[in-house]
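According to TrEMBL:
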type     : residues : note
TRANSMEM : 12-34    : transmembrane segment
TRANSMEM : 46-69    : transmembrane segment
TRANSMEM : 81-106   : transmembrane segment
TRANSMEM : 112-134  : transmembrane segment
TRANSMEM : 146-170  : transmembrane segment
TRANSMEM : 176-197  : transmembrane segment
TRANSMEM : 231-252  : transmembrane segment
TRANSMEM : 264-287  : transmembrane segment
TRANSMEM : 307-330  : transmembrane segment
TRANSMEM : 342-367  : transmembrane segment
TRANSMEM : 376-396  : transmembrane segment
TRANSMEM : 402-419  : transmembrane segment
Amino acid sequence: MSSLSLKKSVIVLLILFIGTALSAIAGFATKIIIARNTTLEVFGNYSTILAIITTLMPLCGFGIQQYWLKIFGQHGAYGIIWIKPSLLFVAISSITIFIILILWFMLTLDSYYIKLSAVILTFIVFNNVGAELLNSTLQLEAKYNWLAIWQLFQSSFLLIGICILLYVFGGKLTELNISIIQSLISCVVVLSIIPVISKFIRSQREKIIIDQLITYQKEFSPNVLNIMKEAFPFGVAGLFYLIYYQFGIVFIRQMLGAKEAGFYGVAFTFLSASLIVPGVIYQKFLLPKLHSWAYHDREKFIQSYIYGNYVMLVLGILGLISLWFLAPYIVPLLFGDEYEAAILIVQIMAINIPIVYVASSAGSLLVTQDHMKTKVYYMGAAALMSLILTPILITFFGIYGAIYASIISNMFILSIYYYKVRKSIL
């Protein structure tokens, strides 16, 4: 890599890190404000409902945004022939998941008020899939400045809405109020995303040659069923990941109560904030490049894996040590004295940080070419392991059992990724 190219890559990474860090800070601040201005039970209920919705979100479009990165990485601008059927599939799948979530909440939640709050909050599924598609278009166009700005604004909207309710109108935060604000913001965001994606499609059309486009259409003839089949691994992977990553809070709320779910929600908030580093490197910066390198530059493809493992291990250990020693001070400072019992929970949860960091690097090669299906099988095994272990360990160890289950699941996924890459790719 030339010095100019390296300098450009460093600048892009810095921009993405700054944007993502500010975005994470906005999201973190939102959780803090909600926690400090509600009861533990309200925070626990909201965190649980949000976890259920976000767990099923990957099935809205079945990871079509990552599929776009793969298609355009392989075919360039001619990937536009997959856009129309993929958008139709996104609409169908999103509406289906929306209905499933509403039925789930109506059948499982224990009060009309909580049910109403959950149903209203479910509208955020449309914002999420639209935002992910916009992220993909900005990545494909290498508009990393705009990607960073978009991330910041997206995370700031809820924070601003919550602050207006609290400090301008003197309102009270409840599950229902939070859900209404978040869903209204989501609707506005979706409407603003549509023209941006349309502009991306037009820009890709300007790059193509009509004769070659006709050849592509005859050769591949993409339709909704084909899109579903090819994108399915990406969506299911997202679902499986969120099951073994965050679904523990649902078991805690059902088995131990909303208060304990609130404590777990604090620990999960810290874990999520710490994972912005691998998220920026692999999901926002390297992912489109990895899809391209997998087909056109194997040397860079392999180097990204080797160096990535070492870098992620060092950064992950630093993250673990930092959070472990800072937790006794920052948890009560940020969330209040009533959350002091969450300190040890946060510390034990931090053990996941280096594991997930290295797993992000080890698994990065498995999203390319034809390896994604294998990765999905591994993630499915980890999700099943988590679903079995979590309630069992909660029975014996209480809230800590959910954390132990997450650590075991993440260790399993790291080990199997490493083994597969060493055996089949390197």
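Easy rule for this one: first residue shown is 1, then count along the chain.
For all residues, glycine too, the Cβ spot is worked out from N, Cα and C.
Contact between the transmembrane segment (46-69) and the transmembrane segment (231-252) is supported by 3 or more Cβ pairs under 8 Å, counting only residues 6 or more apart in sequence.
With pairs at least 6 apart in sequence, the transmembrane segment (176-197) and the transmembrane segment (264-287) have fewer than 3 Cβ pairs within the 8 Å limit; the two do not touch.
If one looks beyond the transmembrane segment (376-396) by at least 6 residues along the same chain, the residues whose Cβ comes under 8 Å of a Cβ in the stretch are 233, 236-237, 239-241, 243-244, 247-248, 251-252, 255-256, 402, 404-406, 408-410, 412-413, 416-417, 420. Scored by C-beta pairs under 8 angstroms, the transmembrane segment (231-252) has its highest count with 402-419, from the stretches 112-134, 146-170, 402-419. Counted as Cβ pairs under 8 Å, contacts with the transmembrane segment (146-170) are highest for 176-197 among 112-134, 176-197, 307-330. Only residues 6 or more beyond the boundaries of the transmembrane segment (307-330), in the same chain, are considered here, and those with a CB under 8 A from a CB of the stretch are 270, 274, 277-278, 281-282, 343, 346-347, 350-351, 353-358, 360-362, 364. Outside the transmembrane segment (12-34), and at least 6 residues removed from its termini, the chain residues within Cβ reach (under 8 Å) are 43, 46, 142, 144-145, 147-149, 151-152, 154-156, 158-159, 162-163, 166, 173, 178, 265, 269, 272-273, 276-277, 279-281, 284-285, 334-335.
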